[in-house]
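Input: a single structure, listed below in structure tokens.
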Amino acid sequence: MSFRQCKEVSPQCPVEATTYGYYPVLSGNIALLVVFAITFFVQLFLGIRARLPAFTSVVAIGCMGEAIGYGGRLMLNENPWDDTGFRIQIVCLILSPSFLAAGIYLTLKHIVLTLGPECSRLKPRLYTWIFISCDAFSIILQAAGGGVAASASADLVNIGNRIIIAGIAFQVATMFICMCLALDFALRLGKKAKLSKANGARLERVQTYATKPAFYFYLSLSGLAFLTIFIRSVYRLPEMAGGWGNPLMQREKEFLVLDGAMVAIAAVAMSIAHPGIFFPEMKTKRPVSPTSSSSDEEKAAQDAP
């Protein structure tokens, strides 16, 4: 029997025959909607106050998209066969985490400039250009796939699914490379700081920020946000690769923990440790020390977008 004409649950159209095979639970989905709605307004308030337009725009869009997505899942609680609710949640929940990741990429350049661009394998300006460009490409792929997957045609749904998988896979690869570069930067910076100390000198920038617990707090929560978004993206690969209605896709507990909760942790972490409060250097130009071994690098980076 074909279920393509089903519009609501009935003996001929059981909930088990829907893509998810269940009524989305109210408590978990309402909780996530509230979390993302709150973080959306927090990001707007803090971002406007701190005058961080780029960071605020991408993170607020991500939080708003997540809230709308969980609104779509609540529509599915009312009627699991609701096409509108399904399309809203699949598009919004696929795309929104990429905007949160973009917010983290935007801070990388400023962290490198603040602590020591000479220890980075990439010039500071390239963090923004490369990773934001890659993130934008993954968003375009996922948006295209989500739009195609929202089609009523079974053939187009499968094509859309493959495009979404390609977009998520590209996002995972981008995040992994970024993670490796960030860890490499931290190791090289630590090594240089130890060598400088052994020679009776010190890295002024590292020394300055080493005494700031607030900066460590900011770095820790930013790292947590990045990690949880990465976990969510890795989870989405097998979930989508199994095809629509596969067993993993029909396990709501796994979805709420490995997708919803992971992205919620990221949004909350980025709202608590907001750069406007804990990393004001992101919105100001740092003076270049004439004795700095990386002065030319910093000047070039500061002139870049």
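If you go along the chain as it appears here, the first residue is 1 and each next one adds 1.
From the backbone N, Cα and C atoms, a Cβ is placed for every residue, glycine too.
Beyond the ends of the transmembrane segment (20-42), by six or more residues, the same chain brings 60, 63-64, 66-67, 70-71, 73-74, 76-77, 80, 245, 249-250, 252, 256, 260-261, 264, 267-268, 270-271, 274 to within a C-beta distance below 8 angstroms of the stretch. As annotated by TrEMBL, transmembrane segment applies to 20-42 (among others).
Panel annotation: around the transmembrane segment (54-76), residues 20, 23-24, 26, 29-30, 32-33, 36-37, 39-40, 43-44, 46-48, 82, 84-93, 95-100, 102-103, 106-107, 260, 263-264, 267, 270, 275, 282 of the same chain, lying at least six beyond its termini, place a Cβ under 8 Å from a Cβ of the stretch. The transmembrane segment annotation in TrEMBL covers 54-76 (among others).
Residues 54-55, 58-59, 61-66, 68-73, 75-76, 127-128, 131-132, 135-136, 138-139, 142-143, 145-147, 149-150, 164, 167-168, 171, 175, 178, 182, 222, 225-226, 229, 232-233, 236, 259, 263, 266-267, 270, 275, 279, 282 of the same chain lie 6 or more positions beyond the ends of the transmembrane segment (88-108) yet place their CB under 8 Å from a CB of it. As annotated by TrEMBL, transmembrane segment applies to 88-108 (among others).
The transmembrane segment annotation in TrEMBL covers 129-151 (among others). Panel annotation: around the transmembrane segment (129-151), residues 86-87, 90-91, 94-95, 98-99, 101-102, 105-106, 108, 122, 157, 159-168, 170-171, 174, 178, 244, 305 of the same chain, lying at least six beyond its termini, place a Cβ under 8 Å from a Cβ of the stretch.
For the transmembrane segment (163-187), the residues of the chain that approach it from at least six positions outside its boundaries are 94, 98, 101, 105, 108, 112, 119-122, 127, 131, 134-135, 137-142, 144-146, 148-149, 226, 229-230, 233-234, 236-237, 240-241, judged by C-beta separation under 8 angstroms. Feature annotation from TrEMBL assigns transmembrane segment to 163-187 (among others).
What TrEMBL records for 215-235 (among others) is transmembrane segment.
As annotated by TrEMBL, transmembrane segment applies to 255-279 (among others). For the transmembrane segment (255-279), same-chain residues at least 6 beyond its ends with a Cβ under 8 Å from one of its own Cβ atoms are 25, 28-29, 32, 35-36, 39, 42-43, 46-47, 49-52, 55, 59, 62-63, 66, 70, 93, 96-97, 100, 103-104, 107, 110-111, 214-215, 217-218, 220-222, 224-226, 228-229, 231-232, 235-236, 239, 249.
Among the features that TrEMBL reports, region 'Disordered' is placed at 283-305.
The compositional bias 'Basic and acidic residues' annotation in TrEMBL covers 296-305.
Counting only same-chain residues 6+ beyond the ends of the transmembrane segment (215-235), those with a CB under 8 A from a CB of the stretch are 97, 100-101, 104, 107, 111, 168, 171-172, 175-176, 178-179, 209, 254, 258-259, 262-263, 265-267, 269-270, 272-273, 275, 278-279.
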